[in-house]
Amino acid sequence: MKLLEQIEKWAAETPDQAAFVWRDAKITYKQLKEDSDALAHWISSEYPDDCSPIMVYGHMQPEMIINFLGCVKAGHAYIPVDLSIPADRVQRIAENSGAKLLLSGTEVTVTDLPVRIIGEDNLKDIFFTHKGNTPNPEHAVKGDENFYIIYTSGSTGNPKGVQITYNCLVSFTKWAVEDFNLQTGQVFLNQAPFSFDLSVMDIYPSLVTGGTLWAIDKDMIARPKDLFASLEQSDIQVWTSTPSFAEMCLMEVSFSESMLPNMKTFLFCGEVLPNEVARKLIERFPEATIMNTYGPTEATVAVTGIHVTEEVLNQYKSLPVGYCKSDCRLLIMKEDGTLAPDGEKGEIVIVGPSVSVGYLDSPELTEKAFTMIDGERAYKTGDAGYVENGLLFYNGRLDFQIKLHGYRMELEEIEHHLRACSYVEGAVIVPIKKGEKYDYLLAVVVPGEHSFEKEFKLTSAIKKELNERLPNYMIPRKFMYQSSIPMTPNGKVDRKKLLSEVTA
């Protein structure tokens, strides 16, 4: 697959087709090509002997997509930086990346950045004055050159820049289009901010198939009335989100095939897909295919997938995350560095062309997490899991394991069983410390329908169910009830915010 050429093809074949829609703003494939060509021409003329990465700042503005393509056509990787990212972190990204340029289709609120800033008005001037100029295709990003760099949290407090090459992205996009049976001209939900690599799961599969990206922003998500009004207008056929976001949508009874009658495919990544969430989706969207996938940012979005059917739901309480894409392989490594046999837990290691070339300008961190196995790049994920008959089962982060009163336990396992209880809509487990040690588990619960007049009676009923599924030492000591679970801008459970709320 020639990625950029494939996108350009639609500018010739379906020039007036919408490539990206956000609120009242829309860009066609023709405009996407013209404006990204103009921008690439300008970048090449301003920075002729330079290929440093370029920061692209904003939220869901159509200019974000134009800027991404303009950068790579000029031979520069782009770094997506969402408006929600704190100023201090933006500053550290700018310093670590060595970027000299920041492009933005909106107001840049961060000050004193060590980069040249091209804002909305300047961009429009560039699109106009360089219109009709075609960049040299020889300059475009290719092979093992970086296509994009996404910054993730680092344990040291400094963000890590994950370098994803052109070849990595092509490997992912080709697999996604083929394995998820994506069709030409479909409408894709774009819910994840561009600084979260889940967004890549919809951006490039949509653009190479001549689809339309339908973007919803954080303000819509905060106002369910606006969110569902947008979804009703969208005619989305391919849904990409975290399971948490879909779970939130399921709380609205009208979220069903009557709202989205042409829904064909749900693609989930970024978190565990609870069995009960998938079951509800099958009930609400009986004609749609639900795909559960798994993969870290360091291995280009996702490397496994499985079609979640009624049979799969009945067979597995904890859903498997799928079979590995054909050009990669999975190794399960035991603590002693040896390979775990089929069915035995260990650390998931991903090998193949999806694996990143490492963290930008961080050789020590790269050496710690990445290696070469049989001449191929490999990434040690820090995730626990096991493989059975080729099927991968994810068992949470190795660092989500805690020791409580001498017992080792996985918080995500407790959450899984808690969510399966009759009176529970959503739940998160928060381990509470006393000094340096964990003292007890707190369950933060969004209750489902119930007839209990007092909270303690509801708690007793939930604990009674949990006692049938978990040993006593894994039962949360305290329960707190809330109307919703806080989410990060990426659509994942905001564990830090929860912890600060419950310990305040």
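Glycine residues also receive a Cβ, built from the backbone N, Cα and C atoms like all the rest.
It should be emphasised that the depicted structure is a prediction, and the values quoted were computed from it without experimental measurement.
Marked as domain 'AMP-dependent synthetase/ligase' by TrEMBL: 8-360.
The ATP binding site annotation in TrEMBL covers Thr152, Ser153, Asn292, Thr293, Tyr294, Gly295, Pro296, Thr297, Asp383, Tyr394, Asn395, Gly396, Arg397, Lys492. DSSP gives Arg397 (ATP binding site) a strand state. Non-local neighbourhood of Arg397 (ATP binding site): Gly382, Asp383, Ala384, Glu412, each in the same chain, at least six residues away, with C-beta under 8 Å from its C-beta.
Among the features that TrEMBL reports, D-alanine binding site is placed at Asp197, Val301, Lys492. Secondary structure from DSSP puts Asp197 (D-alanine binding site) in a helix. Neighbour density for Asp197 (D-alanine binding site): within 10 A of its CB lie 27 other CB atoms from the protein chains shown.
Per TrEMBL, the feature domain 'AMP-binding enzyme C-terminal' maps to 413-492.
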For the domain 'AMP-dependent synthetase/ligase' (8-360), the averaged pLDDT of the predicted model is 96
Between the C-alpha atoms of Pro296 (ATP binding site) and Asp197 (D-alanine binding site), the distance in angstrom, to the nearest integer, is 9
Binding-site residues considered: Tyr294, Pro296, Asn395; fewest surrounding Cβ atoms within 10 Å belongs to Asn395
Rounded Cα distance in angstrom between Asp197 (D-alanine binding site) and Tyr294 (ATP binding site) is 12
Expressed in angstrom and rounded to a whole number, the ATP site built from Thr152, Ser153, Asn292, Thr293, Tyr294, Gly295, Pro296, Thr297, Asp383, Tyr394, Asn395, Gly396, Arg397, Lys492 spans a maximum Cα-Cα distance of 24
